[in-house]
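To start, the structure under review is shown below, and the notes come after it.
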Amino acid sequence: MRKREIPAPYKYIVLGLLSGLSAGVGALVFDKLVDTSTKLFLENISRFNIKKPLEGPLIFGHERWYLILLVLVFGGILVGLIARFLTKEATGHGTDSIIKAYHAGEDIPIKVPLAKIVASAITLGTGGSAGKEGPMTQIGGGFSSFFARVFGFDEKDRKIALAAGLGAGVGAIFKVPIGGAILSAEILYKQDLETDVLYTSLVASATSFAIFGLFKGYQPIFMVPSFAFDPKLLPLFIIEGLLCGFLGVLFIKMFQSVDSFFKKLKVEEVLKPAIGGLIVGVLGIFFPHILGSGYERIQFLLLGVHESLNIPIPYWLLLFTLPFLKMLATSVTLGSGGSGGVFAPGMVIGGFIGAFLGYVFKTIMPGIVTSEVPFIVVGMTSFFGATGKISLSIIPMVIEMTANLHVVPYVMVSNVVATLITGTNTIYPSQKLRRGI
C-alpha cells in the first residue's frame, strides 16, 4: 500500500511546529543548565559573580582569583572527556556543523545535541568566551532532524527541518523570532537565501519563542536607553562600518589561525580544551571583561556604567584593547575545543568597538554626539552581521533585541559597509557562496 503524503502547506506547518517545539524546550533545558553551571563553578567555587559590575583586575582584588584559572582548566578537561567518549562534534561552535550537514544532506545523530548541551553548559559556566547560539543551532537543528526522520520525511524535508530548527534555536534563546526565521535561510550562504525554508522557519521560530518566553519572559534581552534618530550622524556610522569590516576580517583570520594551531598541536586531544581554558583564565584574571559570553559587559556599557575605572590605564585605552582581547579569548576557547557559539562573543566584540568609537566621537564632538549607545548597538550588529554573513537577518534582530527602531537606519548603513569590506570572508567556512554552486 502506498504511503499517504501530507499535503505541502500542512507538511511545512507540521515540520515547523515539531522544529519549534524541540527548539523551545531545548532552549529552556540548555538555559537552565548554563545557569546551574555558572552558579556552581563561577559563583560558588570561584566566588566571582559575572553579572555584577567589575571593580578591576581579579588578580589584584579577588582573593580566589586562582580558582578561576583552575575552574577553566577543569571545565576544559570535562569537555575534552565528553568529546573523547561521546562525540567530537560536542566541541567548537556548532553552527558550522549544521550548515555543513545541510549542504551535504546529512542527518544529525541525536547524541550530538545531547552532548553539545552538556559540553557548552560547562564551557560557559566555567567562564569560557563563547555564546549560546552554537549549541542552540545544534539542539534545534539536531532534534528537528531527528523528528523529521521519525516521521518519515524525505531528504529535502529533513533539510528544511534542519535549517528551521537552527533558526528556531536562535529565535528562542535570543528572543528574536523574526530574525531567527530569516537567519535560517540566510546563514547557509554567503550571498544568497534558501527561500524554501522560510515558511517552515517562520512557524518554527514563532513556536520556539512562545515556549521559551512562557517561562523566561518576552522582554528584549537588552535594556537600551532611548535616543532619537539624527541624520547628521550617518557619516559617523559609515566610519564605524569601515572599522567593523576591517576588524571583522582580522577576527576571522585570527579564529582560523588559532583553530589551525590547536589542530596541529602535538598534545592529547582531551587536554587541548584545558590548555585553552588556562590561556583564557590568564587573560581573564587581568581583564575579566572577556570571560563568559560578555553580554553583561555590553549591558553595563549601554546603561552608562564604566567598569574597572581603577585599573592603571586610561578608560579609552581599555575600550580600545577589549575588542582584540575578546577576539583572542573567543578564538582560543573555541579553537582549542571548548564548546559554545560564536554569535554572542561576536556581538560583544562589535559592542566594544562601538563603545570605543562612541567614546572618541563624544569626546571630540560633544555638540554632535551626545551618547555612545547607538554606536554600541550598531557595532554589535554590524560586526557580526558582516563576519557571519547575516546582514539581512541582523536588522530585525536588532529591533527585537533592543525594542528600538531609531537605530535601524544606522545599522543598515554601517552593516552594508562592513559586509562589503569583509567580502567573502566568513566565520562559517561551510557556507556556500550561492545556491547551485
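The backbone N, Cα and C atoms fix where each Cβ goes, and this holds for glycine too.
Per TrEMBL, the range carrying the annotation transmembrane segment out of 102-120, 197-215 is 197-215.
The transmembrane segment (160-185) shares the most Cβ pairs under 8 Å with 12-30, out of the stretches 12-30, 65-86, 236-255, 275-295, 373-395. Sequence-distant residue pairs (6 or more apart) of the transmembrane segment (65-86) and the transmembrane segment (275-295) include at least 3 whose Cβ atoms are under 8 Å, placing the two stretches in contact. Outside the transmembrane segment (407-428) by six or more residues, the chain places 95-96, 99, 187, 190-191, 227, 229, 233-234, 237-238, 240-242, 244-246, 248-249, 251-253, 255, 342, 346, 374, 377-378, 381-383, 385-389, 391, 394-395, 398-399 with a CB less than 8 A from a CB of the stretch. Scored on C-beta pairs under 8 angstroms, the neighbour of the transmembrane segment (373-395) with the top count among 12-30, 197-215, 236-255, 275-295 is 236-255.
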